[in-house]
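S.K.: The following feature annotations were taken from TrEMBL:
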type: TRANSMEM; residues: 47-66; note: transmembrane segment
type: TRANSMEM; residues: 102-119; note: transmembrane segment
type: TRANSMEM; residues: 152-170; note: transmembrane segment
type: TRANSMEM; residues: 182-204; note: transmembrane segment
type: TRANSMEM; residues: 210-234; note: transmembrane segment
C-alpha cells in the first residue's frame with residue numbers, strides 16, 4: 001500500500017467543494033485499523049462496507065479529537081515555517097462548522113476513504129485492478145533483484161503523493177508565526193508517552209515484528225503522545 005500520509009494528495013483537488021478535514025482524514029481512514037491493532041491486519045477498513053461502518057465512524061471521532069484537543073496546541077508548537085502557514089485555523093470552531101455542514105463532512109470522509117481504496121487497488125497484490133490488469137502483475141528483473149510492477153507503482157505513487165502534499169503546504173501563504181517550537185515540555189512529554197506505548201506494545205508482542213508492523217506501532221504511539229501533550233496544554237489554558 002502507498003504510505004498512509006501520502007493518500008490525502010489524491011483528494012486535494014476536491015477541497016474547494018468539500019470539507020478539507022473530512023477528505024484528508026477519510027483518505028487515510030482505511031489504514032486506521034492497522035494503527036488500532038498495531039499490526040498489519042485489516043478486516044474492515046479496506047472493504048466497501050467498512051467505509052460506512054468503520055472508516056466513517058473512526059474518522060468522525062478523530063476529526064473531533066483533532067479540532068477540539070490537538071489542533072491548536074500542535075500548531076502553536078510546530079516550527080515557524082509550518083506554524084506560519086497553519087495558524088490561521090487556530091480558534092476555528094469545528095463544532096459549529098460540523099453542526100451546519102455535517103452531511104458535507106460525512107460525504108467528504110466517504111469520498112476520501114473511497115479514494116484510498118481506489119488507489120490501493122492499483123498498488124496491492126490483491127487489488128482489484130492488479131488482479132484485472134496482467135501488466136501490473138509482471139515481475140521486472142534487475143540482476144538478481146525482482147519486483148512486480150504494482151510494487152513499483154506503490155513506491156512511486158507514495159513518493160509523488162508526498163511531493164504533492166509538500167508542494168501544497170509550502171505554497172500556502174505565510175501568516176504571522178506564533179510558534180512555540182522550543183517549548184521543550186510539549187515535545188518531551190509527547191516523546192516519553194510515545195516510547196512508553198511502543199515498549200508496552202512490544203512487550204505484548206504476539207506477531208512477527210517486521211518493518212511494517214513496527215511502523216504501524218510507532219505511528220499510533222506518536223499520536224497518543226501528541227494527544228497527551230495537547231491534553232496537558234488544554235488543561236493549563238482552562239485553569
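Note that Cβ sites are derived from N, Cα and C of the backbone, with glycine treated the same way.
Just so you know, TrEMBL annotations are computer predictions that nobody has curated.
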S.K.: Of the listed stretches (47-66, 102-119, 152-170, 182-204), which one yields the highest count of Cβ-Cβ distances below 8 Å with the transmembrane segment (210-234)?
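M.R.: Ranked by Cβ pairs under 8 Å, first place goes to 182-204.
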S.K.: Any residues 6+ beyond the ends of the transmembrane segment (47-66) with a Cβ under 8 Å from its own?
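M.R.: Same-chain residues near the transmembrane segment (47-66) but 6 or more away: 21-22, 25-26, 29-30, 32-33, 36, 94-95, 98, 105-106, 109-110, 112-114, 117, 227.
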S.K.: Within the same chain, where does the transmembrane segment (152-170) have neighbours whose Cβ lies under 8 angstroms from its own Cβ atoms, ignoring anything closer than 6 residues to its ends? I mean 6 or more beyond.
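M.R.: Beyond its ends, the transmembrane segment (152-170) has Cβ neighbours at 1-3, 5-10, 12, 82, 85, 119, 122-124, 136, 140.
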